[in-house]
Amino acid sequence: MARLLRSATWELFPWRGYCSQKAKGELCRDFVEALKAVVGGSHVSTAAVVREQHGRDESVHRCEPPDAVVWPQNVEQVSRLAALCYRQGVPIIPFGTGTGLEGGVCAVQGGVCVNLTHMDRILELNQEDFSVVVEPGVTRKALNAHLRDSGLWFPVDPGADASLCGMAATGASGTNAVRYGTMRDNVLNLEVVLPDGRLLHTAGRGRHFRFGFWPEIPHHTAWYSPCVSLGRRKSAAGYNLTGLFVGSEGTLGLITATTLRLHPAPEATVAATCAFPSVQAAVDSTVHILQAAVPVARIEFLDEVMMDACNRYSKLNCLVAPTLFLEFHGSQQALEEQLQRTEEIVQQNGASDFSWAKEAEERSRLWTARHNAWYAALATRPGCKGYSTDVCVPISRLPEIVVQTKEDLNASGLTGSIVGHVGDGNFHCILLVNPDDAEELGRVKAFAEQLGRRALALHGTCTGEHGIGMGKRQLLQEEVGAVGVETMRQLKAVLDPQGLMNPGKVL
């Protein structure tokens, strides 16, 4: 199929080099007409305002607009676009919802932005196999709305309502990661258009398998292990190509469909909040809860600055203090056991104001506030942008790094707060910065680099879920080493020899 599509594109424009790319912002007329021939004239734009909208995300990186924006309607058109750009040496930048935090959509070398939001179909739901196939325009909220009456749900939930293929591209995570894992644990297969237009199914066409295996355990089991797999799906067939493309940030190909692992909706759910006298006490409680093998589904930390911002933005009435938001899934009996054990642990660490949220509306209000923490922080300093760090460390080192980071933040003179998915060792400093103030921006970046190196020194990572993007490339080299980076470069060179896929990111 991909070969036929590529041949069709070449027949439309049979001579190589018909359009040598001009300076950034200037694709020649023939090339723009070629784009229109693939997707239709109404699905191509070179308007400055449209290009600028597609040259920025929610990061502090300055806008780098593409030369043109295209909206393909199906995978065949994506394949033809890739083949066309490959033949002419024009960079391609994938675009989903634009909610990334690392400058992943910035067109640093110009080129064509491929906006995939018009491809928004849920292609196949396999309830018996706990899997679903979605196109790149489907967001996590849209998928879960579609699944509402099926008894299944997809748990990976970053703060923004991101596109699911975009989440796969960045290796995203969320508040449920402590129990259900990240995108790396929940992607079974990917359909990828390679830089030259060929079509790849990373686990084979139509297959709903993954590498690795977890035993089958009933979902209602009280002490339920994270990342349990319902239905034995495993494969040892060759290299794990799915794992290669998850987290590749659009640098190896365009993800045009993903097969996701679904989970049974829990029988019962209870959320809880509790406040602490100090950051140390809150984070210590997190470690103790996990070490006690309480199968918490969510455990989120908000420092007192973030708690105050969330109270104001989301109209909560929580105590302004370091706080944990928790959620438990299971049978009614299991929940009672989990809540009792958790309350004992947090009280030993000085917790107060322990409250339960059993009703769905009350829980939704609580977790909506948590998901809106980024916007709550931005609202405290209007006109500024946010910079979010993203380190992740082994759970045993979490109290050390969070407490030290809080002390550094207080001493820095910067405006910021701490929030995070502490159940898996991942937390964020959300720093507010005037992007036009070079001195302040420099201090923010220095703070972030120092924190990244501290995480590496504690055997952690510089990014748990946001990706490398433009800003963490040096930290990536320090994390994986020279041989690791060179191996990545070699893989990139084989798949994308011209370096056209989302240039300037990761490597």
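Positions of Cβ are set from backbone N, Cα and C atoms, glycine also.
The annotation transit peptide is assigned in Swiss-Prot to 1-52.
For LYS36 (N6-acetyllysine), other Cβ atoms within 10 Å of its Cβ number 15. For the recorded site, LYS36 (N6-acetyllysine), the DSSP three-state label reads helix. The annotation N6-acetyllysine is assigned in Swiss-Prot to LYS36 (among others).
On the 0 to 100 pLDDT scale, the model's mean across the domain 'FAD-binding PCMH-type' (62-265) is 90. According to Swiss-Prot, the domain 'FAD-binding PCMH-type' annotation covers 62-265.
The N6-acetyllysine annotation in Swiss-Prot covers LYS315 (among others). Around LYS315 (N6-acetyllysine), a 10 Å sphere centred on its CB holds 9 further CB atoms from the protein chains shown.
The N6-acetyllysine feature in Swiss-Prot is assigned to LYS358 (among others). Using a 10 Å Cβ-Cβ cutoff, LYS358 (N6-acetyllysine) registers 12 neighbours.
Under the heading N6-succinyllysine, Swiss-Prot lists LYS358.
If you look up Swiss-Prot, you'll see LYS445 (among others) marked as N6-acetyllysine, on the strength of similarity to another entry. Packing around LYS445 (N6-acetyllysine) is summarised by its Cβ count: 15 other Cβ atoms lie within 10 angstroms of its Cβ, all protein chains included.
Using a 10 Å radius centred on the Cβ of LYS472 (N6-acetyllysine) and all shown protein chains, the other Cβ atoms total 23. Residues or ranges marked as N6-acetyllysine by Swiss-Prot on the basis of similarity to another entry: LYS472 (among others).
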**Request:** Give me the Cα-Cα distance between LYS358 (N6-acetyllysine) and LYS315 (N6-acetyllysine), rounded to a whole Å.
**Result:** 19
**Asked** Quick one: what's DSSP say for LYS445 (N6-acetyllysine), helix, strand or coil?
**Response** helix
**Message:** Just to verify a number: CA distance, LYS445 (N6-acetyllysine) to LYS315 (N6-acetyllysine), in angstrom, no decimals.
**Reply:** 32
**Item:** Distance [Cα-Cα, Å, rounded] between LYS472 (N6-acetyllysine) and LYS315 (N6-acetyllysine)
**Value:** 35
